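Student: Okay, handing you the structure first.
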């Protein structure tokens, strides 16, 4: 019983959804055996006849070639093409090929010499002793591709299968209603096909090998069964006739009951499929050592006088084949490459036969029927019922018309096998397959553009990264090539660094408590020590200068007479020396401010008294100078003195004394306030005092004109006394300034009023000086 169920399962076939049953037209061409046709005079071999990129050309115009000689080099998925006959390469140029768009593709043009000489052929009859990789490489280099219509490189397909293939399926369904190429090939070359199947099984090592053939080919079925008699590894499965049972996914489901997932391949479920024509080409490549240079082509249609199947060389013009088949064209004649459901109309008869050409259909006008006008979709869903891929052709049609590429992709447009079943059943005569092909082409173009954009972005980012690396390398080189210090400089640098490290090591860590103020007592003490040292040096220097100015020789003070030869005293020089002394005293006083900050301030001096004393001292100095002038009247006259300059110098001295007096006023702010002094009144009183002193001096001069002159006054002593008086006044003023700083609550005098008063005093003093000069 178990054996019965096992045998039943082995012969079981499944079904797929959808599908149609168009009228059979195979009897037009499958009744005659395969035949050879005369060679054409010129062959056109396109470089790309398969899925993938075209190979690299290895011939040039003028080269002599033999049949089977490679015209291109195949690397990776690039499949080489070979010369179909012996002859001369006349050109390599673009030429229209077998494509609905008739776009020109690069092709090699060969003029045949008629000899049809082969290259040296090396067959591997002992292929079972060869490695799997060697067999796959030979299949690839001999240009074998899928001859069922897809044109996928067979070597690449076998290489990708690897060790995961459990079932090898040989597709012999040939479901198109007009095509009989595989049918006739199985009738005439069944043994060679089985040899090719054994080679494929040797490479893949599958668990089972199945040959699927429709039941509308009785002669082919009988021939294949005869060859497979006694073969246990290869089983023949006869399936019901239904279009499109020859599709890869549909035949896989029929023979195994497994469905290929959306977007996947049959190899994902452990199944690999090859066409019977591909198996025959594999046998000739491995055992006979012949590259793929020809294939079986069906010539059929009511416009063909002698329909049948012929051996057509790759690159043969379509016109040449039809002429030898008795083609009688009519008005508006159509020539279709492929079947009526999955084929396409040729743009011209000069296109060549390629590896995927399996049929040339030339129907009459009555055979194909009058072209029907396309109408609007009525949403009948007949297309969805007929679709073998379980798609929604109606919805895909709307997406294609509306250029909604994303939605079309989301609805699995890529799973469409373009079988034409939907267009066949459409009552509105909508060419759905054409819309789907166009939409696929647009999606591929968009994907290619995105891929190029991504590659360009990757190149740009790589370039930016390279530039950044080069920039970093340049900066590193510049740093390394910078001027290095010499040995001595390096030693000095290391010594300095060592001192810094030692100092850092000696430093105690500073810990600051939260909320506490930093302890700067050490820094303040060091700063105060430096200031005290500087003040001491300044005080010592001032004392030395004052001692030098105050020291006068005793004999000069007591000598009653003035030596006539002695150098007379220049009053201007004396005034300059006095100004210098005052400046030095002022600097010394300023330097001593900070030194005496903590001492008890001296008793403040009344600025009015100081001003009066200064005026008296200046009057005495002037009187002494005038007495000196009278004493030397008979002697050599001294250099004349400019009275205006002297007046200006005196005014400057008075202004400085006034500033000192004003500073002293602030010093007495903390004491009992004295009666406020108006600076203008003080200046007026000082001017009056000076005028009185000057008049008294003049009166004294007139009174003693006839008498013996009084003892002359040394002008230098008078100048020194005046300088000492001014220094005392300035010191008192500075003491007042320190007292003012100690009392922050004291109100400061308006500086603008003081400046105005000082200016008025200077003007009055200048006028008084000019008056004195005029009186003299």
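Positions of Cβ are set from backbone N, Cα and C atoms, glycine also.
From a predicted model like this one, the values you see are computed outputs, not experimental measurements.
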Student: Of the candidates 175, 189, 419, 426, which does Swiss-Prot annotate as part of the [4Fe-4S] cluster 1 site that also includes 377, 380, 383?
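Tutor: For the [4Fe-4S] cluster 1 site that includes 377, 380, 383, Swiss-Prot also lists 426.
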Student: Which number gives the other C-beta atoms within 10 angstroms of the C-beta of residue 422 ([4Fe-4S] cluster 2 binding site), all protein chains shown included?
Tutor: 30
Student: Using DSSP, what's the helix, strand and coil tally for the compositional bias 'Basic and acidic residues' (534-543)?
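Tutor: Breakdown, helix to coil: 10 helix, 0 strand, 0 coil.
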Student: Distance between residue 422 ([4Fe-4S] cluster 2 binding site) and residue 377 ([4Fe-4S] cluster 1 binding site) at the Cα atoms, whole Å?
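Tutor: The separation of the Cα atoms works out to 12 Å.
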Student: So how many other Cβ atoms are close to residue 383 ([4Fe-4S] cluster 1 binding site), meaning within 10 Å of its Cβ?
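Tutor: Counting Cβ neighbours of residue 383 ([4Fe-4S] cluster 1 binding site) within 10 Å gives 26.
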Student: Would you mind listing, in sequence order, the residues at least six apart from residue 377 ([4Fe-4S] cluster 1 binding site) in the same chain with a Cβ closer than 8 Å to its Cβ?
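Tutor: Counting only residues 6 or more apart in sequence, the Cβ neighbours of residue 377 ([4Fe-4S] cluster 1 binding site) under 8 Å are 394, 397, 428, 430.
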Student: Among the binding-site residues 380, 387, 419, 426, which residue has its Cβ surrounded by the fewest other Cβ atoms within 10 Å?
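Tutor: Comparing Cβ neighbours within 10 Å for the binding-site residues 380, 387, 419, 426, 380 has the fewest.
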Student: For residue 416 ([4Fe-4S] cluster 2 binding site), which residues in the same chain are close in space, meaning a Cβ under 8 Å from its Cβ, but six or more apart along the sequence?
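Tutor: Residues satisfying the criterion: 389, 391, 396, 436, 440.
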